[in-house]
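Asker: Okay, these came from Swiss-Prot:
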- 27-201: domain 'EngB-type G' (DOMAIN)
- 35-42, 62-66, 80-83, 147-150, 180-182: GTP binding site (BINDING)
- S42, T64: Mg(2+) binding site (BINDING)
Amino acid sequence: MTIRNYNYHMTHFVISAPDIRHLPRDEGIEVAFAGRSNAGKSSALNTLTNQKGLARTSKTPGRTQLINLFEVVDGVRLVDLPGYGYAEVPEEMKLKWQRALGEYLQKRNCLKGLVVLMDIRHPLKDLDQQMITWAVAVGTPVLLLLTKADKLASGACKAQLNLVREAIIPFMGDIQVEAFSSLKKIGVDKLREKLDTWFSEIPPEVMAEEFDGEGE
């Protein structure tokens, strides 16, 4: 497989949807970003794409209530899933979000990778583990980003990385763990490399259409 380097700075917003029934057709390739409401998911997307306002950041956790799609190039999409685990959201809303998350992860055939973001100081909460379990159950590879790595000293950061890497062994899945910081740009290259690898598995017919378009 040839790994293609994508220009994530060209990423643009496509649509917001309450559930998978309102998403575009299940084709091409998608990589989803999931995480607790305060895990730094929007900041990570903005850092990845070098666009400050691509994914909305908020001082109020739980603002991402919809599935937000962003297109890198034709047929290649990043998906910002609803943040989970925010205590002040009504229980009915929490359950609705969790249903939407589970349905997307288990039924969206074009999903080729899942990025789960967790605060490095508080990793692998119950809902984080649920995301991993859903992904592993359908054979979706996972990249765990331990965010806000700048909050810890180097030694403590490495210790947390090792702890999480050991803790995920029982999941028996294709799971990679990396430290990440939007502020200090830690782990951004690792994220891009993983996305490039996943997106290079794009169906040949989509890739052919894309290159035909470039030649016009």
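Quick reminder: no glycine exception, Cβ is built from N, Cα and C everywhere.
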Asker: Counting other Cβ atoms within 10 Å of each Cβ, which of the binding-site residues N38, S42 scores lowest?
Answerer: N38
Asker: What is the number of other Cβ atoms found within 10 Å of the Cβ of P82 (GTP binding site)?
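Answerer: So the Cβ neighbour count for P82 (GTP binding site) comes to 26.
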Asker: List the same-chain residues at least 6 positions away in sequence whose Cβ sits under 8 Å from the Cβ of L66 (GTP binding site), in sequence order, or say none.
Answerer: S16, A17, P18, P82
Asker: Taking only same-chain residues 6+ apart in sequence, whose CB is under 8 Å from that of G35 (GTP binding site), what do you get?
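Answerer: K41, G83, Y84, V116, L117, M118, D128, T147 - these are the non-local Cβ neighbours of G35 (GTP binding site), listed in sequence order.
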